[in-house]
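Undergrad: Next up is a structure, given as structure tokens.
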Amino acid sequence: MRAFLDLNSEEIVAWLKENNEKSFRLKQINEWIFKHGELDFNKMTNLPVRLREKLKENFLLPSLKIIHSKKSRDGQSIKYLLKLKDNLGIEAVLLKYRYGNTVCLSTQVGCKMGCKFCATGLGGFSRNLTAGEMIEQILVLKASSSEKITRVVLMGSGEPLDNFTEVLKFMRKINEKDCLNISYRKITVSTCGMVPQIKALAEEKLPVTLAISLHAPDDALRNELIPINKRWGLAELLDAAWYFIDKTGRRVSFEYALIENVNDTVEHALKLAQLLQRKLVHVNLIPYNTIEKRNFKTPSVEKINKFKEVLKRAGIPVTVRRELGDEIDGACGQLKAKYFEV
């Protein structure tokens, strides 16, 4: 039996027609699910009883369950530990900013990439999430918090472009007017550097934001921190980024976690500036969040500001990311499913 949210609109309309039902029923079903948060076909009372019975016989509705949630002291972030139908665990985070509410979602259970400073890969990789399971995360966080979701970032556990087909399907579906109606411009896709998939995403010409986890300004250091760099080095990665800009007209965001005595010197900043000058980019500096089992530390505020100033003087737009959720293991690099460790 298929999960209803795994199907795109064309697939559902085709199923309705095969079962002698009118295609407008899809809009009614979507209204129940996405507007009212109703996840029981029986309670969709403007559908004929016969259709409700057919839906129950053929499709599963969301089964994602909240196992645990933890709110930050300032109330601006909530981390959720969620259990999938096969009892595997994933994490999602609700982040409240002045401009609206952002959800940080997982795209895989675990991760294959093995980045040396990240917590997610410590537990290994289990499987990809389906498009429906990504949508479920939004529905669960929305229902639990009673907050309107305005932005989506795919920066939870997993490498989004390693699950390219399902991520693409997910983005298309949440963009639909009768579903969540989230603008592509309010979706951020993160990657540690899967070059062919960056180019494939560019070919789709969706005006999403691409966020590249760079974290080093040269191949020698990046090879140490991000193993996938040994397959596609900086030159290839940057070529793919410029290709994405050319195809979409969208600025690329480069994420750079500042780690004490690893990648945080003025020399590193100068190298980074040289790589990115005169390009349509933005640099997000992320003060490293200390992680248990990772022997890295956060630089001083003085070093962070010096690094930032070098980039600013080079004319590169740069911000120091305001981290919400670090105290609840919910910030970048800290999405750990401690609850599920046995």
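Backbone N, Cα and C atoms are what each Cβ position is placed from, and that goes for glycine too.
Found this in Swiss-Prot, in case it helps:
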type	residues	note
ACT_SITE	GLU91	active site, proton acceptor
ACT_SITE	CYS332	active site, S-methylcysteine intermediate
BINDING	CYS111, CYS115, CYS118	[4Fe-4S] cluster binding site
BINDING	GLY158, GLU159, SER190, SER213, LEU214, HIS215, ASN289	S-adenosyl-L-methionine binding site
DISULFID	CYS104-CYS332	disulfide bond
DOMAIN	97-327	domain 'Radical SAM core'
Undergrad: Express the distance between the Cα positions of GLY158 (S-adenosyl-L-methionine binding site) and CYS111 ([4Fe-4S] cluster binding site) as a whole number of Å.
TA: 4
Undergrad: Looking at the binding-site residues CYS111, CYS115, which one has the fewest other Cβ atoms within 10 Å of its own Cβ?
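TA: Comparing Cβ neighbour counts within 10 Å for the binding-site residues CYS111, CYS115 gives CYS115.
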Undergrad: For each of the binding-site residues (CYS118, LEU214), count the other CB atoms lying within 10 A of its CB, then report the residue with the highest count.
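TA: For the binding-site residues CYS118, LEU214, the Cβ with the most other Cβ atoms within 10 Å is LEU214.
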Undergrad: In whole Å, how far is CYS118 ([4Fe-4S] cluster binding site) from HIS215 (S-adenosyl-L-methionine binding site) when you measure between their Cα atoms?
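TA: With the alpha carbons as reference points, the distance is 12 Å.
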Undergrad: Listing them in sequence order, which of the recorded positions GLU91, CYS104, CYS111, CYS115, CYS118 have their Cα within 10 Å of that of GLU159 (S-adenosyl-L-methionine binding site)?
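TA: Cα filter at 10 Å returns CYS111.
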Undergrad: Measuring Cα to Cα, tell me the gap between CYS115 ([4Fe-4S] cluster binding site) and ASN289 (S-adenosyl-L-methionine binding site) in whole angstrom.
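TA: Answer for this pair: 14 Å between alpha carbons.
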Undergrad: Filter the recorded positions GLU91, CYS118, SER213, ASN289 down to those whose C-alpha lies within 10 angstroms of the C-alpha of CYS104 (disulfide bond); answer none if the list is empty.
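TA: The recorded positions close to CYS104 (disulfide bond) (Cα within 10 Å), listed in sequence order, are GLU91.
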Undergrad: Indicate whether the residue listed as 'active site, proton acceptor' is helix, strand or coil by DSSP.
TA: strand
Undergrad: Just to verify a number: CA distance, CYS118 ([4Fe-4S] cluster binding site) to SER213 (S-adenosyl-L-methionine binding site), in angstrom, no decimals.
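TA: Cα of CYS118 ([4Fe-4S] cluster binding site) to Cα of SER213 (S-adenosyl-L-methionine binding site) measures 11 Å after rounding.
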Undergrad: I'd like the number of other C-beta atoms within 10 A of the C-beta of the residue listed as 'active site, proton acceptor', please.
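TA: That number is 26.
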Undergrad: If you draw a 10 Å sphere around the Cβ of SER213 (S-adenosyl-L-methionine binding site), how many other Cβ atoms fall inside it, taking every protein chain shown into account?
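TA: Result for SER213 (S-adenosyl-L-methionine binding site): 26 neighbouring Cβ atoms inside 10 Å.
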